[in-house]
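To start, the structure under review is shown below, and the notes come after it.
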Amino acid sequence: MRREKAPAKLNLTLHVTGRRADGYHLLDSLVVFLDLGDVVTLAPGPLSLTVTGPFAHGLDDPDNLCLRAARLAGHEVAITLEKNLPVASGIGGGSADAAAVLRALGARVPRPEVLGADVPVCLAGVPCRMQGVGEKLSPLPPLPPLHLVLVNPRAGLATPAVFQRLERRDNPPMPAALPEFPDSAALVDFLATCRNDLQAPAIALMPRIADCLAALGDAGALLTRMSGSGATCFGIFPDGTAARAARDRIAAARPDWWVAASGLAPAPATV
């Protein structure tokens, strides 16, 4: 039996810079991973999937990315997925789960992006600059600590619908050469000059995202932003104490939301 973490993915930035002839969008994104997420456990086959955890409902279908990853790798295994992250929430849950299956199997597949655009970066599992349609990865030097609070209104957004609401698809990328980040303040200052181009169209589809961002700002976040195509939002706080206090404040005020505090994850490891 083998257990593998599937840490949440966070897009600190997400610039949509173009669109290919085949319809796929070109991105420029800083991606990090968090010290919270799902857990995948593999045992000898036949191929099957059991889903547990607070967000397990409706995920045991034959097209689940965990099963697709095992099929792509050519392995017959019994998979148990402990689903701790909200579904369709912009933090890479399904892609991270698929990547965890591939890591646990020790499988090197030639084109992991066929499982989803976020699977290659989730397979890498380290902070990266992600470009192209998600296949061009440039690992970043070690980043300073970040003290984060994540908020999701317990609602999912369909990624295609968010992209369809984009007003522009040729937005400026990040600088060609990224600056150094000697401390958290320098990283936050840089992030403030960047964007998530999907945030405005996502808010148009789900105004509650704006409420999540406002709650994080009111709780003292230095910077707030949506991750991926939503609906999860994050705030960066001065330290762990401030982040935990903000988590508790928001959770008490909005018990209907999913709220969590987190730092950055270490490199992928078996648990």
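Keep in mind that glycine also has a Cβ here, set from the backbone N, Cα and C atoms.
The active site annotation in TrEMBL covers K9 (among others). DSSP assigns K9 (active site) to a strand in the three-state reduction.
Restricting the average to the domain 'GHMP kinase N-terminal' (67-106) gives a pLDDT of 95. Per TrEMBL, the feature domain 'GHMP kinase N-terminal' maps to 67-106.
According to DSSP, A96 (ATP binding site) sits within a helical segment. Sequence-distant contacts (6 or more apart, same chain, Cβ under 8 Å) of A96 (ATP binding site) comprise A6, P7, A8, K9, G37, D38, L85, D118, C122. According to TrEMBL, the feature ATP binding site maps to P86, V87, A88, S89, G90, I91, G92, G93, G94, S95, A96.
Annotated active site per TrEMBL: D118 (among others), in sequence order.
The feature domain 'GHMP kinase C-terminal' is assigned by TrEMBL to 194-252.
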When you scan the chain for residues with a C-beta under 8 Å from the domain 'GHMP kinase N-terminal' (67-106), skipping those not six or more beyond its ends, what do you find? 2-11, 34, 36-56, 58-59, 112, 114-119, 121-123, 125, 150, 152, 154, 156-159, 226-232, 258, 268, 270
For the recorded ATP site, enumerate neighbouring residues of the same chain (Cβ within 8 Å of the Cβ centroid of P86, V87, A88, S89, G90, I91, G92, G93, G94, S95, A96, site residues themselves excluded), in sequence order. A8, K9, L85, G228, T232
Let me check the 10 A CB neighbour count of G90 (ATP binding site). How many other CB atoms are there? 31
Can you tell me how the residues of the domain 'GHMP kinase N-terminal' (67-106) break down into helix, strand and coil by DSSP? 20 helix, 6 strand, 14 coil
